[in-house]
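J.: Submitted below is the structure of interest, expressed as structure tokens.
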Amino acid sequence: MLSNLLILPMLLPFLCALILVFLKNNDRISKYLYLGTMTITTIISLMLLIYVQRHRPITLDFGGWSAPFGIQFLGDSLSLIMVTTASFVITLIMAYGFGRGEHKANRYHLPSFILFLSVGVIGSFLTSDLFNLYVMFEIMLLASFVLITLGQSVEQLRAAIIYVVLNIIGSWLFLLGIGLLYKTVGTLNFSHIAMRLNDMGDNRTVTMISLIFLVAFSAKAALVLFMWLPKAYAVLNTELAALFAALMTKVGAYALIRFFTLLFDQHNDLIHPLLATMAAITMVIGAIGVIAYKDIKKIAAYQVIISIGFIILGLGTNTFAGINGAIFYLVNDIVVKTLLFFIIGSLVYITGYRQYQYLNGLAKKEPLFGVAFIIMIFAIGGVPPFSGFPGKVLIFQGALQNGNYIGLALMIITSLIAMYSLFRILFYMYFGDKDGEEVNFKKIPLYRKRILSILVVVVIAIGIAAPVVLNVTSDATELNTSDQLYQKLVNPHLKGED
């Protein structure tokens, strides 16, 4: 009976999205329906996560067809902590949108498309079937295509074209990889694939397939293939930029972690050094971007790229500590990047400018923004006891164990550069004076302060409750790095199957 609840985090937003299509002229009902739906989704996800931590992973086989023949959803520590975190930030993002009137009269059916994107994101985390992962990716991407093209500026349309083209190429590669892998192993269920690939051992065809998946997921995670991200994020409104920054690249990073710990772990000698190299390149590119621009929205976009480099560096170490740190940092970064884009969007709203020179001592007039920005900087920089610290320490440890001293050095340097770029903004927030010009600051709406306060509290709480979160991420790491344990807990009936 409990396993049936596993469908609800995806089903509830889907049903809500359909209902909202017919409520385009009733803002009040739409608001309460959405917020209620996502709040319930978050609570259910958290309850399932607590159960899994105390007992064992949950599986749901649709239509009574057991794996590997039927569609299977898996609720383990990794998938459920991602679903819980994603549901929580989606709730805040939509509350932000309703607060600023973006959803008034259900404009462009915006809430529905955000919910459809949420369905794809949550489904990607829960599915234990390769083809259904592709389906969830496509649901997510189709909704994101609509969201990124909502606007009338030429700049936004140009960014949308780049985003759409690169993601379509990534989807083609993903589908190609699925076809080749099915031809090779004859199954699409994750645990069954892992078992058959282990039986095959080292194989050139499998190596080629793993490289195809690596490129496909790298495009979605902005790992080296980042060209779409800065332009796309810079032209989106605050709500959508926060949504994309918090979730879109993280789904790609999640797929990389799931695939290259559980499925293709027998190709460690090739894939993991390649992942570490790509992570290093991504960190360097991100670091160059954050110091090259004065546009605070582009600085925020390149911060996303740096964080992806950190996460994949942990995966590339191929150590328990490094992978554990990557998962912890992945979860933390969803919340931190939501906070970053909310703050940046609010600064643009208040001043009317995207350049940090025009902040003109804003933090003196609005201390909350100064405090929130400082906490966010420390979380991004991994300063103890803030939320970024445990993940970075574990990634450092993994890099040391792996002997990847270059990656370790680059992570330290790029962390300092990331903090420097944000401290530069903070300086103008306290001491800025754009040639003595007067900047008329808009009054900050109360709902922005409330949402920022919630996110700041959560960021602090993650740092304080790090042992609790690490217990979850450690279980996730253990399950996904042990094929036998995964097989035993998820699909024990497949044991010994030809």
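The count begins at 1 with the first shown residue.
Glycine too: its Cβ is placed from the backbone N, Cα and C atoms.
Pasting the feature list from Swiss-Prot:
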type	residues	note
TRANSMEM	2-22	transmembrane segment
TRANSMEM	32-52	transmembrane segment
TRANSMEM	78-98	transmembrane segment
TRANSMEM	130-150	transmembrane segment
TRANSMEM	161-181	transmembrane segment
TRANSMEM	209-229	transmembrane segment
TRANSMEM	240-260	transmembrane segment
TRANSMEM	271-291	transmembrane segment
TRANSMEM	308-328	transmembrane segment
TRANSMEM	330-350	transmembrane segment
TRANSMEM	369-389	transmembrane segment
TRANSMEM	451-471	transmembrane segment
J.: Are there at least 3 C-beta pairs under 8 angstroms linking the transmembrane segment (369-389) and the transmembrane segment (330-350), leaving out pairs fewer than 6 apart in sequence?
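T.: Contact between the transmembrane segment (330-350) and the transmembrane segment (369-389): present.
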J.: Kindly say whether the transmembrane segment (308-328) and the transmembrane segment (240-260) touch, using the definition of 3 or more Cβ pairs under 8 Å where each pair is 6 or more positions apart.
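T.: Answer yes, regions in contact.
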J.: Can you tell me which parts of the same chain pack against the transmembrane segment (271-291), counting only residues 6+ beyond its ends and a CB-CB cutoff under 8 A?
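T.: Cβ under 8 Å, 6 or more out: 210-211, 214, 218, 222-224, 226, 230, 256, 260, 264, 298-299, 301-313, 315-318, 402, 404, 406-407, 410-411, 413-414, 417-418, 420-421.
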J.: List, by number or range, the same-chain residues at least 6 past the transmembrane segment (240-260) whose CB is under 8 A from its CB atoms?
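T.: Apart from its flanks, the transmembrane segment (240-260) reaches 78, 82, 86, 89-90, 93, 96, 114, 117, 121, 124-125, 133, 137, 140, 144, 147-148, 150, 190, 210, 213-214, 217-223, 229, 232-234, 271-272, 275, 297, 300-301, 304, 308, 311-312, 315, 323, 326-327, 330, 333-335, 337-338, 340-342, 344-345, 480.
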